[in-house]
Every structure is written in C-alpha cells, then in structure tokens.
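*Asks:* Pasting the feature list from Swiss-Prot:
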| type | residues | note |
| --- | --- | --- |
| COILED | 155-205 | coiled coil |
| COMPBIAS | 113-125 | compositional bias 'Acidic residues' |
| COMPBIAS | 143-155 | compositional bias 'Low complexity' |
| COMPBIAS | 156-167 | compositional bias 'Acidic residues' |
| COMPBIAS | 172-197 | compositional bias 'Basic and acidic residues' |
| REGION | 1-31 | region 'Disordered' |
| REGION | 62-197 | region 'Disordered' |
Amino acid sequence: MTTAHRPQFDPARGHSEMAPTRITSSRALPAHLKLKYRQESQGTEEEVRKQDLREALLRAEAAHFATQEHGASSEEVSQNSKLIEGFTSPSTDDKPNNDVEVDYQELLRQTLEADEDASDSDDSVDSSNKNSEVSIKRRKTESNSQESVDSSNSESSDEESDSEDETQQLLRELENIKQERKREQMLQEEKNRALEQEKREREIAFGNELLNKASSGSFQVKRRWDEDVVFRNTHKGVDDTPRPGFVNDMLRSEFHKKFLARFVD
C-alpha cells in the first residue's frame with residue numbers, strides 16, 4: 001500500500017546545486033543597463049523654459065487672421081508680422097527694450113475689425129440676393145393664388161352640393177354597418193352563454209363518480225400497472241429441469257450419479 005497521500009512532517013526543500021554552471025542565451029540578458037537622459041534639441045527642461053509660448057501664439061493668430069481677411073493688403077500683413085517680430089519677452093532679456101513697443105490689444109482689435117468688415121460685406125450681398133428672390137416668389141404666388149380663387153369660386157357651388165349628398169349616403173351606410181355588427185355580437189354572446197350553461201349542467205350531472213355507480217360500474221382496476229411492459233411473463237414456457245453440464249467435481253457429476261444408481265442399491 002502506498003503512503004504517497006500521507007502528509008510529511010519534513011517536507012521536501014530545495015538544496016544548493018552541486019554544478020551551478022549554466023549556459024544563458026544573449027537574448028535573456030538585460031539590454032539596457034543605464035538610464036538615458038534627453039539630449040540637446042530633444043525638448044530638455046531648459047529648452048522648454050526658454051520657449052516663448054506667447055510669441056508663438058501671437059504669430060499663429062496673426063497668420064490665421066491674415067488668411068481670413070478678404071481685402072487685406074500685403075502691407076498690413078507685413079506690418080503686423082514686423083510688430084510681432086519686434087516683441088521681446090522680459091524673461092529672456094535682462095533689460096527691457098524701450099525702442100520697440102508693441103500694442104497687442106491694438107493689433108488684435110485691427111485684425112478683428114478687418115474680419116468683421118469682410119463678414120458684414122458677405123452678409124449684405126447674401127441678404128440682398130435673398131430679398132430679390134423672395135420678392136419674385138411672392139409675386140408668382142400672388143398671381144397663382146388669384147387665378148386659383150377665380151376658378152375655385154365657379155366650382156365650389158357644384159362641389160358643395162355633391163359633397164353633401166355623398167356625406168349623407170355614407171352616414172346612412174355607416175349606421176347600417178354598426179347595427180349589423182351589434183346584432184352579430186349579441187347572437188354570438190347568446191350562443192356562448194348557452195354552451196357554457198350546457199357544459200356546466202353536464203359537469204354537475206356526471207362529474208361526481210361516487211354518485212354515478214351505475215354508469216361507472218365497479219371501482220376494480222381492470223388492468224395491471226405492468227401489463228404493457230416489454231419483459232412481462234418471460235419465464236413462461238421455460239423448462240425448469242436442470243440441464244446436464246460439466247461440473248468440476250467427480251462426486252457431483254452426472255456420470256458418478258448414474259454409476260452409483262446402477263451398481264449400488
């Protein structure tokens with residue numbers, strides 16, 4: 001009997017290897033052993049600190065407004081760019097530059113006014129075109145409505161008389177249909193009530209088996225519960241006499257029994 005299933009008081013523990021030599025693949029070795037730092041022109045902290053984000057934003061805004069201006073001349077765009085280029089941030093220079101003074105509010109106001117003038121001109125052209133189209137459409141609709149009124153006045157009298165006759169006829173037909181449906185519904189309800197009453201009377205008369213002994217006969221079970229099974233009465237017609245067979249015992253064999261019956265009284 002095995003004892004592998006029994007718990008051990010001293011479980012197996014790993015031991016030091018006697019031959020620690022191993023062959024390690026180069027792919028299993030660590031690839032990067034030193035921490036890498038950002039080099040110049042790779043977005044170091046000093047470079048980010050020296051960037052003038054305000055100047056870049058103003059350049060981008062000026063370029064955008066210059067492209068949006070429809071009637072802006074090249075002189076105005078160049079003047080705006082020169083004003084932006086002349087700006088120097090106080091963080092980069094130790095002394096403020098008094099020679100070049102830029103009014104950024106004035107610059108933004110000029111660009112916004114130019115943009116608004118262009119949009120107003122476009123809106124005025126569009127509104128004038130729309131007004132002309134609306135006036136033409138209004139004239140056409142007025143002429144068509146006048147013609148339709150003249151023709152409808154002549155036909156309205158005939159149509160009113162015909163429509164009144166048709167509505168009266170339709171109302172009469174609708175009333176007849178409602179009456180027929182109501183009669184059919186009443187007949188169906190009476191028929192259903194008669195059937196339910198007949199069914200109820202039959203259940204009352206023949207529903208109780210104890211009161212209907214004559215009709216039901218006796219309460220004896222006519223069929224057995226295992227009458228329709230597959231292997232029922234399989235032992236019928238089978239010979240119960242023992243068949244001669246081989247017995248591994250000379251004293252109980254058929255030959256020994258016959259021998260004793262013949263020679264021994």
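Yeah, the Cβs are placed from backbone N, Cα and C, and that goes for glycine too.
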*Asks:* Based on DSSP, tally up the residues of the compositional bias 'Acidic residues' (156-167) by helix, strand and coil.
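*Replies:* For the compositional bias 'Acidic residues' (156-167), the helix, strand and coil counts are 12 helix, 0 strand, 0 coil.
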*Asks:* Note the mean pLDDT of the coiled coil (155-205), expressed as a whole number.
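*Replies:* Taking every residue in the coiled coil (155-205) and averaging pLDDT yields 88.
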